[in-house]
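Trainee: Handing you a structure now.
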Amino acid sequence: MNLHEYQSKKLFADYGLPVTKGYVCENVEQALSAIEKLSGSQWIAKCQIHAGGRGKAGGVKVVKSAQEVRSFFTKFLGQRLVTVQTNEQGQPIHQIYLEPCAEIQKELYLSAIIDRSSQRIVFMASSEGGMDIEEVAEKTPHLLHRVTIDPLVGAMPYQGRELAFKLGLSGKQIQQFSQIFCQLAKLFVEKDLSLLEINPLVILKNDELFCLDAKVVVDDNALYRHPDLFSMRDLTQEDPREAEAEKWNLNYVALDGNIGCMVNGAGLAMGTMDIIKLHGGRPANFLDVGGGATKERVMEAFKIILTDSAVKAVLVNIFGGIVRCDLIAKGIVSAINEIGVSVPVIVRLEGTNADLGREILAQSNLNLIAVNSLTEAAEQAVNAAKESE
């Protein structure tokens with residue numbers, strides 16, 4: 001689960017990290033009131049969305065007067081911001097964060113992630129802050145420094161000092177960086193995070209370190225332990241289909257193709273998408289109904305797939321191991337009868353009660369294409385999608 005910048009900075013402040021006092025505003029009146037409370041004569045206005053690249057898209061701007069604040073809010077509030085990290089529709093802007101401008105001497109980069117290979121938390125730091133870290137890793141990998149945290153002892157101050165030396169820090173900056181490093185590690189573990197990023201972590205003109213930006217991603221599987229974080233969830237930033245799928249324990253990810261997919265098992269779902277691509281098609285989604293698929297969940301899965309107007313055909317690929325193919329078939333028939341599916345549906349059933357499932361489909365008198373092989377299913381789906389366009 002992603003947090004907004006202002007929410008992330010609130011977490012940082014709770015852990016004693018250096019962040020400025022800012023105000024999140026939902027209308028112009030709140031914004032004008034906020035700048036009266038903020039120090040300085042210039043402020044930063046930041047559109048709050050769950051995506052990076054806001055600055056390049058115009059969603060972050062220095063404002064120098066009440067009129068500029070009013071203009072910025074009028075332009076962006078209630079609109080959608082398209083960045084390199086969003087789709088073509090962009091993300092809705094319901095809040096804008098205002099904070100004082102900082103006098104920056106240098107920009108650094110600091111982040112923490114879970115390294116899947118070592119199964120440990122890894123901190124990454126670079127002296128090239130304020131830019132895309134992927135670009136730094138590709139063009140100047142020697143400027144990206146890594147530290148792995150031993151889960152038995154946790155983050156140690158000496159590791160923070162080592163990173164500080166590599167970043168070219170000196171004097172009191174080294175001690176301050178080490179403190180920031182240790183507190184971030186504590187935050188990462190205690191709040192069950194999967195990503196934490198400060199880009200940039202800046203050195204101010206007074207030589208103090210400061211968290212100018214903040215990005216936090218919480219592990220969805222641990223949200224039940226953190227009701228305080230769960231209450232920060234902003235559903236307006238999420239795909240409504242994915243949110244609906246979550247209610248039914250369906251694993252759904254929207255894509256940009258035109259062939260809807262409903263599969264049981266993540267591996268089989270990925271394989272199904274691959275074979276669709278192999279035959280020249282484009283999957284519209286990843287959807288895993290899971291091993292405990294029921295008739296009701298299959299119906300809901302169909303409804304979610306068909307809310308995507310781009311879908312021109314649906315491919316159902318079920319391997320009946322835990323789940324019974326006849327139950328899936330009944331769910332498919334019920335879904336089509338209830339919601340009136342107008343696009344071709346190609347069904348491949350294999351495994352437990354597959355013959356019975358195919359018989360149920362055949363007796364339904366619906367416009368279903370039942371096939372035996374995955375290759376044939378993919379070919380039929382690709383052809384059907386092309387004919388429907």
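We number each residue from 1, going along the chain as drawn.
Glycine residues also receive a Cβ, built from the backbone N, Cα and C atoms like all the rest.
Just lifted these from Swiss-Prot, have a look:
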BINDING   LYS46, GLY53, ARG54, GLY55, GLU99, ALA102, GLU107  ATP binding site
BINDING   ASN199, ASP213  Mg(2+) binding site
BINDING   ASN264, GLY321, ILE322, VAL323  substrate binding site
DOMAIN    9-244  domain 'ATP-grasp'
Trainee: Around ASP213 (Mg(2+) binding site), which residues of its chain at least 6 apart sit with Cβ under 8 Å of its Cβ?
Mentor: GLU5, GLU197, ILE198, ASN199, PRO200
Trainee: Rounded to an integer, what is the Cα-Cα distance in Å between ARG54 (ATP binding site) and GLY321 (substrate binding site)?
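Mentor: One finds 46 Å between the Cα atoms of these residues.
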Trainee: Given the binding-site residues ILE322, VAL323, and counting only Cβ atoms in the protein chains shown, which has the most within 10 Å of its Cβ?
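Mentor: Checking each of ILE322, VAL323, the winner is VAL323.
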Trainee: Could you check the binding-site residues GLU99, GLU107 and say which one's CB has the fewest neighbouring CB atoms inside 10 Å?
Mentor: GLU107
Trainee: For the domain 'ATP-grasp' (9-244), provide the mean pLDDT of the predicted model.
Mentor: 94
Trainee: Going by C-alpha positions, which of the binding-site residues (LYS46, GLY53, GLY55, ALA102, GLU107) is nearest ILE322 (substrate binding site)?
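Mentor: Answer for the nearest of the binding-site residues: GLY53.
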Trainee: Just name the winner among ASN199, ASN264 (the binding-site residues) by count of other CB atoms within 10 A of its CB.
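Mentor: The most densely surrounded of these binding-site residues is ASN264.
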